[in-house]
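Just below is one structure, and these are the notes that go with it.
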Amino acid sequence: MAEFIVRQEVTNAFFINKGVAAGLVRMHFHDCFVRGCDGSVLIDSTSTNSAEKDSPANNPSLRGFEVIDSAKARLESVCQGVVSCADIVAFAARDSVAITGGFGYEVPAGRRDGRISLASETTSLPPPTLNVDQLTQNFKNMGLTQEEMVTLSGAHTIGRSHCLAFRNRLYSFNSTTSQDPSLDPSYAAQLKQQCPEGSTDASLVVPMNPVSPAITDECYYTDILANRGLFTSDQTLLTNPTTAIQVIQNARYPFLWKSKFASAMVKMGQIGVLTGTAGEIRANCRVINS
């Protein structure tokens, strides 16, 4: 019943707030890219330790923790000490892809939970300012290919971004030009209205893919082809001949992309997993067992 219970919690949360699906996909990604898929992203900071979730890469943007908490509480009441928090995150990410219109996929289970979470280690997460070569290397460090990087970037077809993540493309691109020339001017004008230059409001957000922000579809790639990729790390995929061809192919053949996306998610979900007697099965996803 474990996967059914997690799916129920994801579904309930999705009907209250569709954005939670994007949050859970990103949570799995941010978990896996720091110490492997070990649930370390869920651990709360303490008086003596600043945890992953409180690093600038995750705070205030990461969301969906309460969905993991509810799923964990239900699982513990039914079957104590068996299903790890890391597995719950992997299941929830899969359910989020499926509920937003992506392809479902089988998630291998049996991950165990890590006991360490350090904000300082989130430097392994790719910031939105990376170029295609830096992104390729970042994913290669995690055992993922360049094509898988392009495929997984398509997760930006759902969800939102804080203005902070791309404001440099609008107001302070480089020493000679304030606005990124690779950004469609009418889209830039729209973004400037949503993210005013002088604003210090850290809560301002815009949809990653304005046309269909809660649907896992090929529109992320269509956007890039129209110079409407939101991040530098999105638009940069057109600057390399190999990745550009993949962007065109993904835009043209959405079923192929969804299939590749499902496979890449399975592979990402196996990065650095703890099995056997390594790690533990956390009783509360926010706290390591004493």
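Think of each number as a place in line: the chain as shown, counted from 1.
Keep in mind that glycine also has a Cβ here, set from the backbone N, Cα and C atoms.
Automated prediction, rather than curation, is the source of TrEMBL annotations.
Taken straight from TrEMBL:
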SITE      ARG26  site 'Transition state stabilizer'
ACT_SITE  HIS30  active site, proton acceptor
BINDING   ASP31, VAL34, GLY36, ASP38, SER40, GLU52  Ca(2+) 1 binding site
DISULFID  CYS32-CYS37  disulfide bond
DISULFID  CYS85-CYS285  disulfide bond
BINDING   PRO126  substrate binding site
BINDING   HIS156  heme b binding site
DISULFID  CYS163-CYS195  disulfide bond
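For CYS37 (disulfide bond), the number of other Cβ atoms no farther than 10 Å from its own Cβ, over all displayed protein chains, is 27. Cα to Cα, ASP31 (Ca(2+) 1 binding site) and CYS285 (disulfide bond) are separated by 13 Å. Cα of the residue listed as 'heme b binding site' to Cα of CYS163 (disulfide bond): a span of 15 Å. The recorded positions close to ASP38 (Ca(2+) 1 binding site), defined as a CA atom within 10 A of its CA, are CYS32, CYS85 out of CYS32, CYS85, PRO126, CYS163. Reported as a whole number, the C-alpha separation between CYS85 (disulfide bond) and GLU52 (Ca(2+) 1 binding site) equals 15 Å. Per Cα geometry, HIS30 is the residue among the recorded positions HIS30, VAL34, SER40 nearest to CYS195 (disulfide bond). Fewest Cβ neighbours within 10 Å among the recorded positions CYS32, VAL34, CYS85, CYS195: that distinction goes to CYS195. Note on the disulfide-bonded residues CYS163, CYS285: the fewest other CB atoms within 10 A surround the CB of CYS163. Remark: of the binding-site residues ASP31, ASP38, GLU52, the most isolated position is GLU52 (fewest other Cβ atoms within 10 Å of its Cβ). Within 10 Å of the Cβ of GLY36 (Ca(2+) 1 binding site) there are 20 other Cβ atoms, across all protein chains. The residue listed as 'substrate binding site' has a Cβ environment of 20 other Cβ atoms inside 10 Å. Highlighted in sequence order, HIS30, CYS32, PHE33, ARG35, CYS37, GLY39, VAL41, GLY114, SER117 have their Cβ within 8 Å of the centre of the Cβ atoms of ASP31, VAL34, GLY36, ASP38, SER40, GLU52, the residues recorded for Ca(2+) 1, and are not part of that set. Restricting the recorded positions ARG26, CYS32, PRO126, CYS285 to those with a CA within 10 Å of the CA of SER40 (Ca(2+) 1 binding site) leaves CYS32, CYS285, listed by sequence position. Put simply, of the recorded positions HIS30, VAL34, GLY36, CYS285, the one whose Cα is nearest the Cα of CYS163 (disulfide bond) is HIS30.
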